[in-house]
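These notes are about the structure you will find just below.
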Amino acid sequence: KSVGMVWIPDPEEVWKSAELLKDYKPGDKVLQLRLEEGKDLEYCLDPKTKELPPLRNPDILVGENDLTALSYLHEPAVLHNLKVRFIDSKLIYTYCGIVLVAINPYEQLPIYGEDIINAYSGQNMGDMDPHIFAVAEEAYKQMARDERNQSIIVSGESGAGKTVSAKYAMRYFATVSGSASEANVEEKVLASNPIMESIGNAKTTRNDNSSRFGKYIEIGFDKRYRIIGANMRTYLLEKSRVVFQAEEERNYHIFYQLCASAALPEFKTLRLGNANYFHYTKQGGSPVIDGVDDAKEMVNTRQACTLLGISDSYQMGIFRILAGILHLGNVEFASRDSDSCAIPPKHDPLTIFCDLMGVEYEEMAHWLCHRKLATATETYIKPISKLHAINARDALAKHIYANLFNWIVDHVNKALHSTVKQHSFIGVLDIYGFETFEINSFEQFCINYANEKLQQQFNMHVFKLEQEEYMKEQIPWTLIDFYDNQPCINLIEAKMGILDLLDEECKMPKGSDDTWAQKLYNTHLNKCALFEKPRLSNKAFIIKHFADKVEYQCEGFLEKNKDTVYEEQIKVLKSSKFKLLLELFQDEEKVLSPTSATASGRVPLSRTAVKPAKARPGQTSKEHKKTVGHQFRNSLHLLMETLNATTPHYVRCIKPNDFKFPFTFDEKRAVQQLRACGVLETIRISAAGFPSRWTYQEFFSRYRVLMKQRDVLGDRKQTCKNVLEKLILDKDKYQFGKTKIFFRAGQVAYLEKIRADKLRAACIRIQKTIRGWLMRKKYVRMRKAAITIQRYVRGYQARCYAKFLRRTRAAITIQKFQRMYVVRKRYQCMRDATIALQALLRGYMARNNYQMMLREHKSIIIQKHVRGWLARVHYRRTLKAIVYLQCCYRRMMAKRELKKLKIEARSVERYKKLHIGLENKIMQLQRKIDEQNKEYKSLLEKLNSLEITYSTETERLRSDVERLRMSEEEAKNATNRVLSLQEEIAKLRKELHQTQSEKKTIEEWADKYKHETEQLVSELKDQNTLLKTEKEELNRRIHDQAKEITVEETKQLELDLNDERLRYQNLLNEFSRLEERYDDLKDEMNLMPGHKRTDSTHSSNESEYTFSSEITEAEDLPLRMEEPSEKKAPLDMSLFLKLQKRVTELEQEKQSLQDELDRKEEQALRAKAKEEERPPIRGAELEYESLKRQELESENKKLKNELNELQKALTETRSPEVTAPGAPAYRVLLDQLTSVSEELEVRKEEVLILRSQLVSQKEAIQPKVNSSQQMCSVVKLHCITDVLDLVQSPQDYHMLNEDGELWLVYEGLKQANRLLESQLQSQKKSHENELESLRGEIQSLKEENNRQQQLLAQNLQLPPEARIEASLQHEITRLTNENLDLMEQLEKQDKTVRKLKKQLKVFAKKIGELEVGQMENISPGQIIDEPIRPVNIPRKEKDFQGMLEYKKEDEQKLVKNLILELKPRGVAVNLIPGLPAYILFMCVRHADYLNDDQKVRSLLTSTINGIKKVLKKRGDDFETVSFWLSNTCRFLHCLKQYSGEEGFMKHNTPRQNEHCLTNFDLAEYRQVLSDLAIQIYQQLVRVLENILQPMIVSGMLEHETIQGVSGVKPTGLRKRTSSIADEGTYTLDSIIRQLNSFHSVMCQHGMDPELIKQVVKQMFYIIGAVTLNNLLLRKDMCSWSKGMQIRYNVSQLEEWLRDKNLMNSGAKETLEPLIQAAQLLQVKKKTDEDAEAICSMCNALTTAQIVKVLNLYTPVNEFEERVLVSFIRTIQLRLRDRKDSPQLLMDAKHIFPVTFPFNPSSLALETIQIPASLGLGFISRV
């Protein structure tokens, strides 16, 4: 059985965890341990010290934010805690008391965005997870609170992330504090980083961007704690890197940036090349850094230089010097002998160097190979060897670079210097950490010396804080022993210390490193315990630093300390004509005097003495020459004085591995750095006293489970004392302070063990009880089940016996019926057989008789036919013979007669006989004529009878035709359609004949088609069966997918709409912000002396819509200079592109307006000349007449457009035969329209006459009188011109002027946007109408075709006469229907025409009255009191109730009483909601009734400006903002409800419809009011947010609504805000009370329910976002119990929504991310199934948020388990395909786009009474 966990040393992992198998007893030499991998081990104790291995903290304390919260404070605990946080939780920051430990992750983390900065801003340091921003916020807050300067000391090894940490701290200050001036100092402070990195950073084997110098940046603040400037000090630049780089390292970045940009035109003169060409850049063999583009970095460096005021000429000078250094490095020397050397003649590198530096080639070549020696008597020149020449060349290069570095730092400081007095500052020290290498030289010595000083300061500060804490809590102070490194510092800097001896040796003529080493041995060896000599070397020494022993090699110490450069070379450079080079060495001369500091230890910003104290040898004044060590010591003393005068904050950067692997932890390297940076020393000091500290309330909350009910007293302090005395018997293990309990190391772990044991015992008891209860429940359930089974079995058996009895009885019955059936079947069979035989026999006999009778009958028929045939043959033969005989006989007789006739013909008697025959014939003919006459008479009688019949028939037809004609005339309203009826009938007859002729072909085609159709149908049926199956399958699939697709498309459309609306409202918000800023600046300008406006600068009309652009252009220059140059929000580019077309259209209008303006100016000039001749005429009347004229023109134009549209619609929407140009209906309607058009033309001519008269009058008016009226149009033209110019040049968007140009721009954009939208809507609507009409025509044609076919089929079956009758009847019916339709439409058109005629008469009357008024105005005897507006007399035929009348001069009084001075509380409680809106609308109605557009415009403008003023004045008051949001919306709804548009009139009563506006379309003002409502809504949201913000975290997260669920864990030095509800602490009840207050106020003000829902949704979003963001940044809040608390709190909020009936507002959905985060804290987090469940459950959280919560999850009690790293990786793998935002935090400032759904009022306007309390007695009801 395990009795404890310990740490044991390990050579690989430094410390290993082991389990103690057997308890330790005093005297034991061996401990029985088991390692984590399961191996047993015997650990031998040290027999001398007998030190036991350090104990391990309980798992519940592992991973804490603050290392001081650990119960056992020692090295392995610290190392393990850091490793767990870094590897498992991916947390790079950890507190260690006052120190922030930052581990370099070697990976970009999304924890430095502006949202994170905002989250940490204003928070207490212990409330949030450790972060560099938390340290920066603490420094900023202490600076403001304590009025004391602050310092942030960032230290660590190269590659540990010091520079990045310092950069983020400065970014935090720049973001949070902002700039006090318009120069954007914070941008300049941040811009100094790229410059300093390029000239001071380089790639090393440990770091690609290693700072090779130390720097201390002081960021200055004014009294309001805004950044005003900065100052930088640098320390110990590594100059040797300029001339030498180790393998895999680089020179300073700037050289490689220059080489990468060599191809640029401006760099051609520098004659640069590849980095591998120059000796100074190719030694490391690694000229390129992966992932870094040096050319791009060069661009950034140049931009930063420009921002900091370094001009292009100076920049080129800097690059020229740097290029010269590179060329100098390529200078080669040729040895002449061992003591001399020379440079080859016309050596290219030296030539280029001299050209760039502007020096003589011969002089530089000479002094590079020679030096001047001066003795007491003479001076002579001595050649130097090649080695010395190379060293001298390198020394010169280093010296030039060092001076250039100092010059750049000096200019950066000048750029960051502020003229404003600095009130306080925060210093950021980015300095090298403790270093130890295989070979350590002078640089490492100086670095470690600086770290010794910093460590001493750090130790004293920690010790001081501990002492203050003990004294504050009145704990007995016992001196804590801590490591004091003063002896080590004395060894280095005291008299005869290492630095003193080094300086002394440098002054010696023949001083060397060896002699200096001997002096060190003689002085300090065996005398100072901290100084040692290596065994195997006489040129090295060892110093025992606070972190480790370091061996320094003496070689090079003297040379580096002297930093020698030959004076003659410097003189050559000083003789240069290159201005910048001279400046470098002039600066060098200025700082020869010793560095001096002010009394306070700080150096003023303007003093040059703050320059980096670098070596500047080679001066002519030898007495002032200082060594590098001496200067470094002075600058270090100055730094320490500065730090001691400030409150320090410490950031220790740790490098986790040497290979730059992301999130890889090397324990050995980490321990080295922890020892070196003083973190472990902090732990040791803390552990020596009472490291664990609890407030009494926290202790009581955590360990309440260890107390019995009788132990709990009212006094928490006494309760804790009583309990502790029982739990911990040794009183030395704890102390009671005033507000806290102090525990020795390990006591909290002991208390946690007791607590865990108590909880475990309670869990066992609960488990025992529950298991017993479960078993009892199981037994009862089993017994009940057994009884139930018995009951069912017995019932089953009884049912089986009953079933057997029933079956027996049924069997007998079945047998009876079966036997009966068999017998009956047999009888039936025999009977059927007998009958069948009888039938067959009888049938056979009957058939035989039938056959016999049939044969007899057929034989008789045959006989009959044969006998008949024989008789006919005999008859025909006999007849033929007889006829033949007759023919022969008659022929013979004829021949004889012929002969007789021939003989008689020749005789006279023949003629006589012939005449006798003729007379007989005449008589016969006469008789025949008589007979024919009789027949004629009979026929005539018949004809008469037929004529009578015909006439009666004709009369009947004529009466029918007349009747049809009369009905047709009635149907067509006096049209002549009936006259053409017969023609139509004839035409139809022809068509009928054609139809009959076509019928046959159609029938043939129909038969053929029918045959083909039947064949096709059979084929289609087969296909249809197949398609049906496919269709059913597809339908099923479509049905499944339809819901998803529909939902997705709907969601996408909603998202697109919301995005568009949000973008528009953000633009609106930005506009309102700029407008407020502009008003503030204007107020400031008015208050400033010397800038006060005079009356002459104001335009005569102060409306925001009328201003003079000439005045504005002249006067807005000083205003622009005063405005801040902050970034303005850019215009919406998509909207801008859409408006390009509109802009081109407006250009033409602009030109025409400009021409008109020119004409009016000429008229004004002419009027000046006639000024004295003309009598004064009142300008107000002419202005009124001008407005009336414009109004009449617009009305006439509108009427004409309506009539044209009416004519067009009539011609387009009717069938061609009815509305053809020749049709009667068309002619009648066209005549009416023509008459109306003629009347309109007459009115137009009258208007033109009136217009000419007005123009002639205007020419005669003096300019002074009418300037205030006429300038309106001029000013409007200027407005339009300015708007167009502004739209075409959006880059001038930020140039605001005093007269509201931005408002006009915005109005123009809105109008164009609305125009485009209306065009799109009209096109869409026309397209839909056209499509619908085409569909209707197709349908009507189909129906007509079917009807014709049916008629044709019916006609074909009728006789011909009936066919004609039926077709006539059908045609008459069709024409009658068409005529009825036409009658209805004509009636509508007649109504419209009558209405228009009536309006025309009214306007004609007005014109007449105006003409009379003009004649009276011209007369000299005019009466002053004559009414100006005679047309405003109320008309008797209308009802004018529901309006309010006021005088024009009372408008400001109305706005003042109704808006500016109205108290919302009184109105909301005592009066009807929205009363001010109703009053304003009724005033607008009256102005509309008067047709006074100027009054309407003025009232609406004053109303809008008044609301803006009152909101600006009382914009922080929720009631005021809510009240005016409600009233603005009600006013907007009234304008819609009474606009006269059909869409808004659906819910109106007839009385309300009578109250609609008649003269003006206020759609544009509705848009302005809608924009104003959006601005008020956004202001309301900001007020809500400001009120709720302080409550949310405390109420939703910190306060324990369910007491006792989560105890408080140890918090360490950084105390969190207490989660126990004290007085003044916000709870969930506070939030709900506030929500109730908001809701009741909005309801009292009568706010629209839909708008209330949107406000509530926004409030809940803020609550959810702020809570979730805080949760994601607080590890202490991510636990199971906190998840339970959050879910309970959310359920309370949901209950509030239900109580207020707001569940459908969408507010609950905004809490979904928070709900899912709480569920994520509570669900199981072990298996793959759990991972799958989490992925499906947390769909509202992003991947980054899910992973962050899992990483932060921390057990509060031992029964909770940590989340394994493998589980988190599984989650990441499953979520890798999810496309969501990488943003960690929610945007708590996000405002949902607001909509204002139309909400008509049922309140009748005529019933509204105005209370006297409003002070509106000057208004009268009409």
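Any Cβ shown, glycine's included, is placed from N, Cα and C.
The annotation ATP binding site is assigned in TrEMBL to Gly156, Glu157, Ser158, Gly159, Ala160, Gly161, Lys162, Thr163. The Cβ of Glu157 (ATP binding site) has 25 other Cβ atoms within 10 Å, all protein chains considered.
Averaged over the coiled coil (908-1084), the predicted model has a pLDDT of 79. Sequence annotations record features per position, and here TrEMBL assigns coiled coil to 908-1084 (among others).
The coiled coil feature in TrEMBL is assigned to 1306-1406 (among others).
Marked as compositional bias 'Polar residues' by TrEMBL: 1097-1111.
According to TrEMBL, the compositional bias 'Basic and acidic residues' annotation covers 1150-1176.
What TrEMBL records for 1-53 is domain 'Myosin N-terminal SH3-like'.
Annotated domain 'Myosin motor' per TrEMBL: 62-756, in sequence order.
Look at TrEMBL and you will find 1501-1777 tagged as domain 'Dilute'.
The feature region 'Disordered' is assigned by TrEMBL to 603-627 (among others).
Under DSSP, residues within the region 'Actin-binding' (636-658) fall into helix, strand and coil as 9 helix, 8 strand, 6 coil. Under the heading region 'Actin-binding', TrEMBL lists 636-658.
According to TrEMBL, the feature region 'Disordered' maps to 1086-1116 (among others).
TrEMBL lists 1150-1180 (among others) with the feature region 'Disordered'.
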Proximal but sequence-remote residues of the same chain as Ser158 (ATP binding site) (Cβ under 8 Å, at least 6 apart): Thr204, Arg206, Asn207, Ser210, Ser211, Tyr432, Gly433, Glu435
Chain-internal residues, separated by at least six, CB under 8 A from Gly159 (ATP binding site): Asn104, Thr204, Arg206, Asn207, Ser210, Lys655, Lys660
Among Gly156, Gly161 [binding-site residues], residue with fewest other Cβ within 10 Å: Gly161
Additional residues around ATP, ordered along the sequence, whose Cβ is within 8 Å of the centroid of Gly156, Glu157, Ser158, Gly159, Ala160, Gly161, Lys162, Thr163: Asn104, Asn207, Ser210, Gly433, Cys653, Lys655
For the domain 'Myosin N-terminal SH3-like' (1-53), residues assigned helix / strand / coil by DSSP: 0 helix, 25 strand, 28 coil
Chain-internal residues, separated by at least six, CB under 8 A from Ala160 (ATP binding site): Ala102, Asn104, Gly433, Cys653, Ile654, Lys655, Gln673
